[in-house]
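What Swiss-Prot annotates here:
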type: TRANSIT; residues: 1-28; note: transit peptide
type: DOMAIN; residues: 42-459; note: domain 'Ketosynthase family 3 (KS3)'
type: MOD_RES; residues: Lys110; note: N6-acetyllysine
type: MOD_RES; residues: Lys110; note: N6-succinyllysine
type: MOD_RES; residues: Lys114; note: N6-succinyllysine
type: MOD_RES; residues: Lys175; note: N6-acetyllysine
type: MOD_RES; residues: Lys175; note: N6-succinyllysine
type: ACT_SITE; residues: Cys210; note: active site, for beta-ketoacyl synthase activity
type: ACT_SITE; residues: His349; note: active site, for beta-ketoacyl synthase activity
type: ACT_SITE; residues: His386; note: active site, for beta-ketoacyl synthase activity
Amino acid sequence: MLSDGLQIFLRITKCHLIHARSCQRLVNERRFLATAPAPGLRRRVVITGIGLVTPLGVGTQLVWDRLVRGESGIVSLVGDEYQSIPCSVAAYVPRGCDEGQFNEQNFVPKSDTKSMSPPTVMAIAAAELALKDAGWHPQSEADQAATGVAIGMGMVPLEVISETALTFQTKGYSKVSPFFVPKILVNMASGQVSIRHKLKGPNHAVSTACTTGAHAVGDSFRFVAHGDADVMVAGGTDSCISPLSLAGFARARALSTNTDPKSACRPFHPQRDGFVMGEGAAVLVLEEHRHALRRGARVYAEIVGYGLSGDAGHITAPDPGGEGAFRCMAAAVKDAGIQPEEVSYINAHATSTPLGDAAENKAIKQLFKDHAHVLAVSSTKGATGHLLGTAGAAEAAFTALACYHRKLPPTLNLDCTEPHFDLNYVPLKAQEWKAENRRIALTNSFGFGGTNATLCIAGM
């Protein structure tokens, strides 16, 4: 008769063996894996869905139409709490029930919003719009396991922290919300989207200041390209317009002090004086090319390259010579396997700061040399403001839509330039994107801490 200890040991061992055999069977059946690429090959990655929650409105086509018409979502700040701050404009997502307005209850039940921060709610909305736009609603366990989420957040809403700190100090421990920590975790947007749509592939979150959205899309591109997923729901979200955050950016001398909301953000302009803070969420559905073709998906564009670099210089200021931006763009071009002369459009990071716009302009000229005077460069931030952690994802979406519609979005408010800003910045009005060969673009994102990313996106 076996001892009690030996019987327990055998039961535990048997359970582990059964579990191991079960896992091996699932792996053999490929039920929980994306399709692996052939050795030495990289899978093609296309954009099949776009969801936008921006100061220009909510949706995809509606936002694009407003962008190319030259509309702006920047408005004046209202409220006594902003009176002491030398910034009087911002770019809010329009709230309401009319077309193009954001009504969070269309996406999240009111009972659930108490456990979420505003950027998480916006990310849920943008993801739902993107998945619907892509026509991708995985139901089988295999499809769910092959679909991942990577939605970044540049910074949590500071008022969530400050208000909770005040509550704790004045009312004590028992009044602190049990949802406080989930509200301030930057990965919770990815988590909530994964939970709501049962997406069990890679679950990833990026927080790299204003480069967040581009890094999330770029990382997702590589997840799909290298077989970690067949589909990625990727993007960025930020909603932190508040007196405290505005005060912080203003003290860093990053914000525009222009009081006119229609001209405050003017990338590449001689009188640019800082960025305009915005909010929103942008999510793209990235998909392995053959996977998209098999299901008959509409394809906006293809991501063909991704580059990253670090300035290693200053905590907030860019490298004045644009070296980090140059290396980042060069890395994306190399990753795409193309020549710089094949690029015909750049969606610039250009936030309307004196240093940043000048550095990016230098980097473009350094990389493209004479070809710089042939390509088009525009910044869409004159229309949206600077969406912080959302910016890179929103601008990747705009670049994909530019490829799809063959139209270049304008740089608003650019009615004059300085002598060394002598490129085609698509001033004031949208332009037709004329190209002899494939339409290929770069979209740049640069952030505090010297973090840089460039995506190379091409038409089909």
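For all residues, glycine too, the Cβ spot is worked out from N, Cα and C.
The secondary structure of His349 (active site, for beta-ketoacyl synthase activity), as reduced to three states from DSSP, is coil rather than helix or strand. Considering other CB atoms within 10 Å as the measure, the emptiest surroundings among the recorded positions Lys110, His349 are those of Lys110.
For Lys114 (N6-succinyllysine), the Cβ neighbour count at a 10 Å cut-off comes to 9, with all displayed protein chains included. Of all the recorded positions listed here (Lys175, His386), the one with the fewest other CB atoms within 10 A of its own CB is Lys175.
Long-range C-beta contacts of Cys210 (active site, for beta-ketoacyl synthase activity), restricted to its own chain and to partners at least six residues apart, with a cutoff below 8 Å, comprise Gly154, His349, Thr351, His386, Leu388, Gly389, Ala391, Gly392, Ser445, Phe446, Gly447, Phe448. The distance from the Cα of Lys175 (N6-acetyllysine) to the Cα of Lys110 (N6-acetyllysine) comes to 21 Å. The average pLDDT for the domain 'Ketosynthase family 3 (KS3)' (42-459) in the predicted structure is 98.
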